[in-house]
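Asks: Quick one: the structure is below, questions incoming.
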């Protein structure tokens, strides 16, 4: 191979490498484009989320999209919290296959949690709390084996908590409080670790139709405290009544004794001296 051929191959390799670095992964591009199309942005917080940026959102570890974090040229974290966003979550979000953290909390997003999230196999953190999400919690979340955090509190989710979520071995934070969930809390989410439940009652409160441990234990403790309070009030009232009665008797005795002394004085004065 001549020197000119080697130089040509080197230039071609450099060109291909540079092209890969400056061109978005087609999956990430589809993910971002569809996510933006499904979201309404009345406060214009996503004004820089444009097609031109979607075609090149990352350069190594540098992100050109507000709310996005890059790792080796791929989107690996999306944090769009408290931006007054509306609309729904696009099922094409699953195209961001390197995504490890998704935080869309404290917005006004409605609709369902798309089952396609199951394809985010690297997902570790899912925070969709404080929105208007409805429908059931998709059991396909259990296929995201690396999930450490599932936070869905303060939504309008209904139905039962999927039993499969209890099989997520890495799950360390779980919160579905203040929804419209019903049925029994899955055993693997409520079982004890030593003397403590895996997730305590605060993870489940605010769901009128939900029952089972640890909610049941909290209610029993609450009832126990109520009974003790009633007994305490009763005892307190009884003691107070006794004290008042005792004080009244003492006063009556003192008044009676005083009258007797006065009467004895009068009698002694009226008797003649001998």
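Every residue, even glycine, has its Cβ placed from backbone N, Cα and C.
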Asks: Swiss-Prot lists transmembrane segment for one of the ranges 224-244, 245-265; which is that range?
Replies: 224-244
Asks: Please name which of the glycosylation sites listed here, 95, 191, 200, is nearest in space to residue 48 (N-linked glycosylation site), Cα against Cα.
Replies: 95
Asks: Can you figure out which of 82, 95, 191, 200 (the glycosylation sites) comes closest in space to residue 127 (N-linked glycosylation site), comparing Cα atoms?
Replies: 82
Asks: Which residues of the same chain, at least 6 past either end of the repeat 'LRR 1' (96-121), have a Cβ under 8 Å from a Cβ in it?
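Replies: Residues packing against the repeat 'LRR 1' (96-121) from afar: 27-28, 31-32, 39, 69, 71, 74-90, 127-138, 140-141, 143-146, 151-152, 157.
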Asks: Limited to the topological domain 'Cytoplasmic' (245-274), I'd like the whole-number average of pLDDT.
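Replies: PLDDT averaged over the stretch: 51.
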Asks: Would you identify which of the glycosylation sites 48, 95 has the most other C-beta atoms lying within 10 angstroms of its C-beta?
Replies: 95
Asks: Based on Cα distances to residue 82 (N-linked glycosylation site), point out the closest of the glycosylation sites 95, 191, 200.
Replies: 95
